[in-house]
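Below: one structure, written as structure tokens.
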Amino acid sequence: MSAHPVDTVTAATATPDVAQPFKELGLKDDEYARIKEILGRRPTEAELAMYSVMWSEHCSYKSSKVHLRYFGETTTDEMRSSMLAGIGENAGVVDIGDGWAVTFKVESHNHPSYVEPYQGAATGVGGIVRDIMAMGARPIAVMDQLRFGAADAPDTRRVVDGVVRGVGGYGNSLGLPNIGGETVFDESYAGNPLVNALCAGTMRVEDLHLAFASGAGNKIILFGARTGLDGIGGVSVLASETFDGDESGTGRKKLPAVQVGDPFTEKVLIECCLELYAAKLVVGIQDLGGAGLSCATSELAAAGDGGMHINLEQVPMRATGMTAAEVLSSESQERMCAVVTPENVDAFMAVCKKWDVLATDIGEVTDGDRLTISWHGETVVDVPPRTVAHEGPVYERPVQRPASQDALVANTTAGLKRPESADELKATLLKMIASPALCSRKWITEQYDRYVRGNTVLAENADSGVIRVDEKTGRGIALATDASGRYTALDPYAGAQLALAEAFRNVAVTGATPKAVSNCLNFGSPEDPGVMWQFQQAVRGLADGCATLGIPVTGGNVSFYNQTGSTAILPTPVVAVLGVIDDVHRRIPTGLGLEPGETLILLGDTNDEFDGSIWSQVEHGHLGGVPPKVDLEREQLLADILLAASRDGLVSAAHDLSEGGLAQAVVEAALAGETGCRILLPDDADPFVTLFSESSGRVLVAVPRTEETRFTGMCTARNLPWVRIGVVDEGSDSVEVQGQFSVSLAELRTTFEGTLPALFG
């Protein structure tokens, strides 16, 4: 037991005037007053720790909640029809047919990944995997959305190296394929990298588990790793000023605020959980992530039909002398908390022993509506659990469109010099594909295992990852994640919809049907009215877009305070779209050359839209103007036609157009198929606009010559604009833009793939 004096409920009642460090714990005066009002006394040290972490921005969504409600307001019953679990659960769950369900979610681990890039990224992966486990599913794949400072900035190499190794090291050790993502470099992320991790899992519909504690007398079992001092960063006053000393030593002060992960413990924990689920030994379950036991106990109790009592000293600890507040606040990784009926406890413990997973009975569900926690026989917590988990402060922060927004929008690309000659067009292409903005991410993705477990059908560099779910029927899922901070800075409403449109389109080009959305909303300080305007507009854009497309937001995450001083990151709403494909054998690949002599057809309208584009960034260091127009009805039409084409075998390859426009799409598709092609520019077209415009709602498809008439006829009948844009010449080893220039595949590959190894290799 700690030598630290125990601040009990009795002591707190008897000493109402004791000064407490609530401000150091991040609580405001009115929040502290509200806690005292709820309890009818001052909180104990342990209670103060619980409320401070659970009422933090990260856990309570106190600045975003009023805006996030809009997702619910715009989601119809029809949109919810296939959703088995949604916002408020550990992760969203969608019925994908044939008795299968998929759960998926995106979470951020941004700030820890700057402080300690390897562990920050690794534990970000571990945390989202446990969210998926807690729903009753087997995790099957991960993805990542990464944002770093300028590629040539001094500190970027440190952060990139650690984050990429952390994502790969943890995911690879778990045996989970990393099937895609995005990596963006921009100076706004210097000091504030974004590490957003997605995990997806599968289960039979009847195996869904939720986080709740019900049934008086049911036992609370903590299982997994021991509880240590790592991750008590948010509760800084509970730990020390230094990182020195052994965790178990008497002179220890504080370990780093960043959690330390052990993927091998988590891998065993996954198998243990799945066996517990299969044996029907779990009533309710919650993973221990942010806020640790404070979160797990209060959320389980709040969601149940009674109260809960915890004997905190029973928690297995790996550090001596821990206080009750430290045990409650620890964010040690690889831990789960389950509710188990008394008659099943022995069987539960036996399964854990089989997998060599430490499991301890730490309490039970009680009658009543209180969460009580004792520490060596003395009560240190006695609270209504809903007040901790769900009834924290809710702020309607000031929302104000920044005065600088008008000037930003007015600063268009109209006056920027454009390439005109064939040589200038070729030089522009080579410069753009070599830029950190568009170059190959192969140096990153090769550090990830993309095909472990044998169910990966498509992965990076495809537009979306495709995973087989059912080996007998071939049923699978497609997942894509997208975001554009540049477009969102120009117009947050449109920027969020452009991210949604691209992720939706990336799923559709594989031949899958988009079904559901998750998100991770990364913004600056909520105390800045301009940031809150960006956030409000992005939420509304995303929600309205999902309503138009008829797919629900199943859950997500908000990350605020991503800024250095007064400089915020580019507003970055990350959107993940889940699609379902009936048979992964009919998925549409990215690479050209599958069929000899394919015709290249460009679907959609190409307009002179360069504001916010990668061309304006790479060639001119420019950001301003109005983003490309979003047409979500067109996106739905594209998806419908690609689905029909996939089922009928009308297209042999497809690749969406986004950053870098047609030129980037052609280069990527040609290199993926190791096949050259000729691009035939329309007679009346501006070569620069045709090659580099970033107009939305476009897809490049390769069509076998025998199916061209049938495919184009289908597009014409559905009023989808199309133009024959080129041919794939059998045996070609170059990309030729007819009448302009030609570049060999060898030069394209060297240029495209050489940048990141030169910077970070």
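Backbone N, Cα and C atoms are what each Cβ position is placed from, and that goes for glycine too.
There are 19 other Cβ atoms within 10 Å of the Cβ belonging to His58 (active site). Under the DSSP three-state reduction, His58 (active site) is assigned to helix. Taken from Swiss-Prot, the feature active site covers His58.
If you take the C-beta of His109 (active site, proton acceptor) and look for same-chain residues 6 or more apart in sequence within under 8 angstroms, you find Gly120, Ala121, Thr123, Gly124, Gly127, Val195, Asn196, Ala197. His109 (active site, proton acceptor) falls outside any helix or strand according to DSSP and counts as coil. Annotation source Swiss-Prot lists active site, proton acceptor at His109, citing sequence analysis.
Taken from Swiss-Prot, the feature ATP binding site covers Tyr61, Lys105, Asn519, Gly556. The secondary structure of Gly556 (ATP binding site), as reduced to three states from DSSP, is extended strand. Shown in sequence order, Ile87, Lys105, Val106, Ser518, Asn519, Cys520, Leu521 are the residues of the chain, 6+ apart in sequence, with a C-beta less than 8 angstroms from the C-beta of Gly556 (ATP binding site).
Annotation source Swiss-Prot lists Mg(2+) 1 binding site at Glu107, Asn557, citing sequence analysis.
Around Arg130 (substrate binding site), the same-chain residues six or more apart in sequence whose CB sits under 8 Å from its CB are Glu266, Leu269, Asp287, Leu288, Gly289, Glu334, Met336, listed in sequence order. The substrate binding site annotation in Swiss-Prot covers Ser108, His109, Asn110, His111, Arg130, Gln259, Glu331, Ser332, Gln333, Ser559 and is backed by sequence analysis.
The feature Mg(2+) 2 binding site is assigned by Swiss-Prot to Asp131, Asp287. The secondary structure of Asp287 (Mg(2+) 2 binding site), as reduced to three states from DSSP, is extended strand.
Of all residue pairs in Tyr61, Lys105, Asn519, Gly556, the annotated binders of ATP, the farthest apart have Cα atoms separated by 17 Å. The binding residues for substrate are recorded as Ser108, His109, Asn110, His111, Arg130, Gln259, Glu331, Ser332, Gln333, Ser559; their greatest pairwise CA distance is 21 Å.
Taking all protein chains in view, 32 other C-beta atoms sit within 10 angstroms of the C-beta of Asn519 (ATP binding site). The shortest Cα-Cα distance from Asn110 (substrate binding site) to any of the recorded positions (His58, Tyr61, Asp131) is found for His58.
The CA atom of Glu107 (Mg(2+) 1 binding site) is located 11 Å away from the CA atom of His58 (active site).
For Ser108 (substrate binding site) paired with Tyr61 (ATP binding site), the C-alpha to C-alpha distance reads 14 Å. The Cβ of Asn557 (Mg(2+) 1 binding site) has Lys105, Val106, Glu107, Ser108, Asn196, Asn519, Cys520, Leu521 as same-chain neighbours under 8 Å, each 6 or more residues away in sequence.
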